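Colleague: Pasting the relevant annotations from TrEMBL:
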SIGNAL    1-24  signal peptide
TRANSMEM  228-250  transmembrane segment
TRANSMEM  287-317  transmembrane segment
TRANSMEM  323-343  transmembrane segment
TRANSMEM  364-386  transmembrane segment
TRANSMEM  392-416  transmembrane segment
TRANSMEM  448-464  transmembrane segment
TRANSMEM  484-508  transmembrane segment
TRANSMEM  520-539  transmembrane segment
TRANSMEM  551-579  transmembrane segment
Amino acid sequence: MAQFLLTVLQVLLALTFWIGIGSGSSNHYNAGDHVPLFVNKVGPLHNPSETYQYYDLPFCRRGPVIEKQETLGEVLNGDRLMSSLYKLKFREDKTHFVLCRKRLTSSDIARFRDIIAQDYYFQMYYDDLPLWGFVGKVEGDYFGQGEKHTKYYIFSHLKFNVLYNADKVIEINSFSDPSYMVDISENTEIDVQFTYSVSWNLTSERSETRMNKYSRASFHPISQKIHFFSFLNSITVVVLLIGLISFLFMRHLKNELRSYSIGDEEERKEAGWKLVHSDVFRCPRNISWLCAILGTGTQLLILIIALFALAFTGFLYPYNRGMLLTSLVIMYTLTSIVAGYTSTSFHSQFEGNKQKRSVRLAGILYPVPFFIILSVLNTVAITYGATAALPFGTIVIIILIFTLLNIPFLMLGGVLGNRFGLLEFQPPSAVKRNPREIPPQNWYRRKLYQVFLGGFVPFSAVVLEWHQLYASLWGFKIYTSPGIMLFTFIVLIFLSSSVGIILTYIQLSGEDHEWWWRSILCGGFTAVFMYGYGVLFYLRSDMTGFLQLSLYLGYTALLCYALFLVLGTISFLASLMFIRHIYRSVKLE
């Protein structure tokens, strides 16, 4: 086992080095040195996931195109960097330098008109700094000879403004010069000369802070006022809802415990939750599935915490190509040991065998839906020829990572959980052989109402920040407040725990002892509200097309499913700790 573990760790470290190589810091250049400029992708402005390779459009190209060697995270992110004809040598100004002369055919013009109508943009990278520009523009309609016409123009001149400090590139901006436009409204062949200019200017900004501007601005900057209002909204919901309910709830519970400790036998039978003491710790149905959910939820919770840690240390920053997805691959692989350990150790508290089934279920609970949805989305992307389509080699690498690293770590966690896991739980009172009959419940104790309330209260506190997260994931806004997001996540954990405890207490007070699965549903249902809001966000956005719709609904579903497992696990663990506390606080016969 030790030799196997050492081998797995060595393979993981080698893989981490290979897929985790970032863009690197800025390089050192002398005057006249070649600075690499790579073209990346193009796509409609309002469909962030619908991107295509740069040379899928009839841009200037000469000879074979050289593709840049990319990391796994860059490929997963849809980046396809290729060489370009632009030559931006260090500190070398150029004025109206001819890129190429190209004859646009009628099909080329039709293609350009179509993408200009959809507000296509292009993305490039210069010394690992991103820059953008628009392909062309549409002018307003006008009436000519009794008919309505639209004018389409393609930008034929691109201006680059580069800032440098000593021997390093600090910043670059690109501008499509409106003074140099070619009218392509008519469907006739035309000769176009594409040119570009480069100007270099000295700046005092240091290279260590050259990525900060991407945290401050984007196509549509995020207003800090919205974050502040979201912060106030979360605080208000916590204080007004959870604070008030918790105060009344704890006061009522303390009175029950006090009356039980000093009251007579009749007073002891009044509280419904005391009457189910012999059933509340009964082994739940489908214990293997429940343990698998707890294991996977705990794994994903630790994964989220690790990502927050990377964000606060500056390891993750805007436009660090593919680093977020690379970190997700590495962290998910490492935390698989947590899923195996948690599912096995929890299962062993109730049953001394069958822990292997919990480990197997924990290994497929999230990966199987993930791979099914990813396969469908990848097929759609291949059909459209989008960069979201994964190459065959990348698919093989993902399968090898899961088979050779993820599964062994999961099994190792199961072995550790079986040997060093939690001890068998001893309930405060003996569990009867036959379960107690559950009486008819009032409407507010029924499952549907409790699950709805358990999801709605936490979601109402984080809905504003969740909107900003959607705007960052599915738009050109850059999320720049990891502190606010961390605070929102802590509020979400607190609300899920508090509401889960309250609803579990209400359920037990009605002599309903089947709380195990309901506590998971009450906490996880917040993710259902999040997905529903995602559908509303899409309907209110400018995103269009089947490709964008598929990618949006598919990846949003995977995100919300992960949150369902995380929040369901948090709600369950909080309810379990609460139940153990109250039943240990009284001496039940």
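Yeah, the Cβs are placed from backbone N, Cα and C, and that goes for glycine too.
Model, not experiment: these values are computed from the prediction.
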Colleague: When you look at the transmembrane segment (551-579) alongside the transmembrane segment (287-317), do they share 3+ Cβ pairs under 8 Å, ignoring any pair fewer than 6 residues apart in sequence?
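Modeller: They do touch: at least three Cβ pairs between the two stretches lie under 8 Å.
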Colleague: Considering pairs 6 or more residues apart, do the transmembrane segment (392-416) and the transmembrane segment (323-343) have at least three CB pairs under 8 Å?
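Modeller: Between the transmembrane segment (392-416) and the transmembrane segment (323-343), contact is present.
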Colleague: For the transmembrane segment (448-464) and the transmembrane segment (520-539), decide whether they are in contact, meaning at least 3 CB pairs lie under 8 A, counting pairs 6 or more apart in sequence.
Modeller: yes
Colleague: Please indicate, using numbers and ranges, the residues of the same chain that are 6 or more beyond the transmembrane segment (364-386) and have a C-beta under 8 Å from a C-beta there.
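Modeller: Residues packing against the transmembrane segment (364-386) from afar: 49-52, 56, 78, 292-293, 296, 300, 395, 402, 406, 546-547, 550-551, 554-555, 557-558, 561-562, 565.
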Colleague: Which of 323-343, 520-539, 551-579 has the most Cβ pairs closer than 8 Å to the transmembrane segment (484-508)?
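Modeller: That would be 551-579.
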Colleague: Can you name the far-off residues of the same chain, 6+ from the ends of the transmembrane segment (323-343), with a Cβ under 8 Å from a Cβ of it?
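Modeller: Here the qualifying positions are 12, 16, 19-20, 22, 71-73, 76-77, 291-292, 294-296, 298-300, 302-303, 306-307, 310, 315-316, 355, 358-359, 361-363, 401, 405-407, 409-417, 421.
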